[in-house]
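Lifted from Swiss-Prot, the feature list:
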| type | residues | note |
| --- | --- | --- |
| ACT_SITE | His348 | active site, proton acceptor |
| BINDING | 10-13, Lys24, Gln77, 82-83, Gly143, Glu157, Asn172, Asn229, Arg318, Lys336, Tyr351, Asn362 | UDP-N-acetyl-alpha-D-glucosamine binding site |
| BINDING | Asp107, Asn229 | Mg(2+) binding site |
| BINDING | Ala365, Asn371, Tyr372, Ser390, Ser408, Arg425 | acetyl-CoA binding site |
| REGION | 1-231 | region 'Pyrophosphorylase' |
| REGION | 232-252 | region 'Linker' |
| REGION | 253-456 | region 'N-acetyltransferase' |
Amino acid sequence: MERTCLAIILAAGESTRMKSAMSKVLHPVAGRAMISHVVDALASASISDVALVVGRDAEAVAAAANTGDVAVTALLQKERLGTAHAVLAAREAIAKGYDDILVVFGDTPLITAAPLEAARDGLAAGNDVVVIGFQAADPTGYGRLIVEGDALVAIREHRDASEEERRITYCNGGLMAIDGRKALDLLDRVGNTNAKGEYYLTDLVEIVRSLGGRAIAVEAPEEELTGCNTRAELAYIERLWQQRRRHELMLAGVSMVAPETVFLSWDTALAQDVLVEPNVVFGPGVRVESGAIIHAFSHLEGAHVRAGAAVGPFARLRTGADLGANSKVGNFCEVKKAEIGAGAKVSHLTYIGDAFVGAGTNIGAGTITCNYDGVNKHVTRIGANAFIGSNSALVAPVSIGDGALIASGSVITEDVPADAVAFGRARQEVKPGRAPILRERYKAEKLARKIAKAAE
């Protein structure tokens, strides 16, 4: 029988060092609240029950944690009296009798399933407490994990550590797994006889040992346990997340010319043999199929780019953009809530919004779908193999049939049938010899202005 597990996410901090109008756990990493990343990791570790300890911005934090993948119950911590006190905000849930209790933090968005599973494996092996630690490049300020043999005997805070203990680089990551059958008894034994009068979860190690139990430590990469308290740390975490995800995608067959300049969102999906040129930003909700090329300086969000399509350079795809196979959206084009058919070309200086563009159609430079009347949005429908001449304005709602041709510079306000040619502009007039007359008139007007100004 599988062991049951309750994960307790501590997210009740005041976030004062973040200097923000909202809780730090709501700040986005890769376009997603950092606490949502933590819940994702729990779901990946097959943990289905979560107790979320909240304080500031309780409703918003609970909403961000409810990703739909796990059952989350929000519990309000009214007083801030230390980590052990925070865990006991979930007393009723702990009392239900889970095999494992896993304590994690809401501000560690880089955590993955692996160390969480390792901690639970430690409990399954008969240990009472498992602490997740890391080897620190610079351990200054961290609590040291004092290990003898394979047992964890103490967690020593930096200020209390001896010179010898300060040389230890194995540090406390804060995350902990506790035997669910003993959790409440152990937590109730934690005292507050310290300078701050708070109840510290780290005391469990020595409490367990004093009762004849056993604690161990399992190691995770340092970056996975990186917490976030300031904007600078938020930027550092973003950088680490981006590096990790870029590396994963390149190993999966995505080419990035200058990966350090490509920015991804938490749900960016790039297929094998996609090529991404430098300085590309992927907002949430982007899917790019095999063989597509995203040229430099393009920005995509909420878009689907199908196989073999080309985007950019300097293109913007907004929510609802759907580019068909082998289609093209070129430089200085914006596409929003529009389908571009297979093989269609929108090559330059164009806005396509609330529209359907048929397969094989060519949209000339400077074309605009005029989709907004100041109150409502309207749809433009362009059939297959049509040709829209440069600098045309298509005033929606309007339909253009298959194979139709729109002359350059046209303003189209009425439907155009299939295979028709439409002109929507004033007829050109040529007046021979008129240019010198106009020039003389303009000169006279200019001289008159100068004389008038001098007389003032």
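Backbone N, Cα and C atoms are what each Cβ position is placed from, and that goes for glycine too.
Swiss-Prot feature annotations superimposed on the structure.
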residue	record	DSSP (3 states)
Ala12	UDP-N-acetyl-alpha-D-glucosamine binding site	coil
Gly82	UDP-N-acetyl-alpha-D-glucosamine binding site	coil
Asp107	Mg(2+) binding site	coil
Gly143	UDP-N-acetyl-alpha-D-glucosamine binding site	coil
Asn172	UDP-N-acetyl-alpha-D-glucosamine binding site	strand
Arg318	UDP-N-acetyl-alpha-D-glucosamine binding site	coil
Asn371	acetyl-CoA binding site	coil
Ser408	acetyl-CoA binding site	coil
Arg425	acetyl-CoA binding site	coil
His348 (active site, proton acceptor) and Ser390 (acetyl-CoA binding site), Cα-Cα, nearest whole angstrom: 10
Neighbours of Asp107 (Mg(2+) binding site) among the binding-site residues Leu10, Asn172, Arg318, Asn371 (Cα to Cα, within 10 Å): Leu10
Between Lys24 (UDP-N-acetyl-alpha-D-glucosamine binding site) and Arg425 (acetyl-CoA binding site): CA-CA distance (Å): 56
Rounded inter-Cα distance in Å - Tyr351 (UDP-N-acetyl-alpha-D-glucosamine binding site), Ala365 (acetyl-CoA binding site): 10
Top Cα neighbour of Asn172 (UDP-N-acetyl-alpha-D-glucosamine binding site) in the set of binding-site residues Asn229, Ala365, Asn371, Tyr372, Ser408: Asn229
Asn229 (Mg(2+) binding site) versus His348 (active site, proton acceptor) - Cα distance in angstrom: 44
Around the Cβ of Asp107 (Mg(2+) binding site), the count of other Cβ atoms that are within 10 Å: 27
For the region 'Linker' (232-252), residues assigned helix / strand / coil by DSSP: 20 helix, 0 strand, 1 coil
Spatially closest candidate among Leu10, Ala12, Lys24, Asn229, the listed binding-site residues, to Ala365 (acetyl-CoA binding site) (Cα to Cα): Lys24
Cα distance (Å, whole number) from Asn371 (acetyl-CoA binding site) to Ala12 (UDP-N-acetyl-alpha-D-glucosamine binding site): 46
